[in-house]
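Enquirer: Here you go, one structure.
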Amino acid sequence: STMRERKTTDPLHPADPLHSSTDLSEGKEKLRLKQEVSLISGVSLIAGTMIGSGIFMSPEWVLHHMGNPASSLLIWAACGLLAMFGALSYAELGTIIKESGGEYIYILRIFGSFPAFLFAYTSVILVRPAGLAAVCLSFAEYAIAPFYPGCSSPQVAVKCTAAACILILTIINCLNVRLATSVMNIFTAAKLLALLVIVVGGLVLLANGQTQSFQNGFQGTTAGVGAVGVAFYQGLWSYDGWNNLNYVTEELKKPEVTLPRALMIAIPLVTCLYLLVNVSYLAAMTPSELLSSGAVAVTWGDKVLGSWAWLISLSVALSTFGSSNGTFFSGGRVCYIAAREGHMPDILSMAHVRCLTPSPALLFTSAMSLVMIISGSFTTIVNFFSFMAWLFYGMTISGLLYLKIKKPELPRSYRVPIIIPIIVLMAAVYLVLAPIIDQPQIEILYIVLFIFSGVLFYFPLVHFKCHPRFLQTVTLHLQLLLEVAPTTRDAN
């Protein structure tokens, strides 16, 4: 069938592989994705995805909503702590349910098919492509800025560059997992070096006595729950990616060890860097200069590096490209895993017979991202991306609490103290409800309606399995064209 039938088993103990590779030829070894992601690559995937456009574009928005430097720094620290708590909670889930797919697979195994389908439907069609489009647009802005000195870049040029970025990432990720992880490692090293330049520059400015931005630091703090929630959205956008390793669990070497270790190395490292970079921005600029900047890192470069300021534009372009690669690498896996479970067309669950990459899922994610590039503003995408993301993060964390209370006997190599997921769940509820209560917007209603529009597809296509016959022919032709075959789960 064009949408694979799921086996009805205990949701926390998945059945044997759903498809064997006898579809290829009888007796051949089963086709599955390789375990290519080591500890270093895992740290690079997390840090490389987290450090993208956010730290170069969000500081002015966090400051705008909080009203002063000191409280904005507190927001950045709180965002880092929340990302760490969320990641530690996900680490326990990853050692209980050792399958790729992140929130999707956890919601599926704990709550069942319907909520998992709604997550996959929303994530595959809207959330992941929108996030990737936003990062690629940021890359394009910085990449072509040197060609248009003294004026804003034409939107056509920006969108064409962003589209080219997505196409290059598609080729890299479809060719080889090792190539994609090597790109992540190289770009992560480059962006860490760029951030260290900003940090060192800031420390020099502070040593020279440029501390005026920090005097009366809490004066004029914003107290509204909605404003604080939106400030968190902007800060957490910069930390988005803390959960990316859970999307590729089946491709990790020794996942029960690699997953927690990579999280505990990457997230504190990124949090410290973000705080120091924000301090550096505020040492070089007054709060009013930072708010009117538009491109904070470039303004910092002009003030501190002088004629070498072009290095910052180059660094931001490299950073956002590396982040796009990490987002694309993990985002394609959600589509792939959802298709493997029967919640998406079967073609999306297949892998290339030679490259062993989920190329149909990657191509679909690429196509949806190209559609997203046509329209949308960076700030709006960030706010609504965060609203939807934390809605499902909250559902996933509540699933962990259910397992800790109701099924403590399940084997797991890592246990997080129960207070940590409770804090994350409370934060998720606040982040979803605060902007709605304080400043309700019609767009949020549209998002909720889009999520529940998945009902129209779930019952006929998944629950009752009403599949048009012509789709089977289309699947077969696509399988031959793309040289792909069905895969199995990792036996572990």
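Cβ atoms here come from the backbone N, Cα and C positions, even for glycine.
Note that this is a predicted model, so its numbers are computed, not measured.
Marked as compositional bias 'Basic and acidic residues' by TrEMBL: 1-10. As annotated by TrEMBL, region 'Disordered' applies to 1-27. Annotation source TrEMBL lists transmembrane segment at 37-58, 70-91, 103-124, 160-180, 186-207, 262-284, 304-323, 360-378, 384-403, 415-437, 443-462.
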Enquirer: Does the transmembrane segment (304-323) come near the transmembrane segment (70-91), with 3+ Cβ pairs under 8 Å (pairs 6 or more apart)?
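Expert: Between the transmembrane segment (70-91) and the transmembrane segment (304-323), which are separate recorded stretches, there is no contact, as judged by 3 or more close Cβ pairs.
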Enquirer: Is it the case that the transmembrane segment (103-124) and the transmembrane segment (384-403) have 3 or more CB pairs under 8 Å, with pairs at least 6 apart in sequence?
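Expert: In this chain the transmembrane segment (103-124) contacts the transmembrane segment (384-403) - 3 or more Cβ pairs sit under 8 Å.
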Enquirer: Taking the transmembrane segment (384-403) as the first stretch and the transmembrane segment (443-462) as the second, find out whether 3 or more Cβ pairs fall under 8 Å, excluding pairs closer than 6 in sequence.
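Expert: The transmembrane segment (443-462) and the transmembrane segment (384-403): touching, yes.
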Enquirer: Counting only CB pairs under 8 A, let me know which of 70-91, 186-207, 262-284, 415-437, 443-462 has the most with the transmembrane segment (37-58).
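Expert: Most Cβ pairs under 8 Å with the transmembrane segment (37-58) come from 262-284.
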Enquirer: Looking at 70-91, 415-437, 443-462, which one has the highest count of Cβ pairs under 8 angstroms to the transmembrane segment (262-284)?
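Expert: Top-ranked stretch among 70-91, 415-437, 443-462: 70-91.
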Enquirer: In the same chain, which residue numbers or ranges, 6 or more beyond the ends of the transmembrane segment (70-91), come under 8 angstroms Cβ to Cβ?
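Expert: Apart from its flanks, the transmembrane segment (70-91) reaches 46, 50, 59, 62-63, 102, 214, 217-218, 221-222, 228, 231-232, 235-236, 238-239, 242-243, 246, 259-260, 263-264, 267-268, 270-271, 274-275, 278-279, 393, 396-397, 400, 414, 416, 420-421, 423-424, 427.
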Enquirer: Sort out the residues at least 6 away from either end of the transmembrane segment (415-437), same chain, that have Cβ-Cβ distances under 8 Å to it, and list them.
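Expert: Beyond its ends, the transmembrane segment (415-437) has Cβ neighbours at 82, 85-86, 88-89, 91-92, 225-226, 228-230, 232-233, 236, 383, 386-387, 390-391, 393-394, 397-398, 400-401, 404, 444.
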Enquirer: How about long-range neighbours of the transmembrane segment (443-462): same chain, 6 or more residues beyond its ends, C-beta under 8 Å?
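Expert: Residues 3, 113-114, 117-118, 121-122, 126, 342-343, 380, 384, 387-388, 435-436 contact the transmembrane segment (443-462) from elsewhere in the chain.
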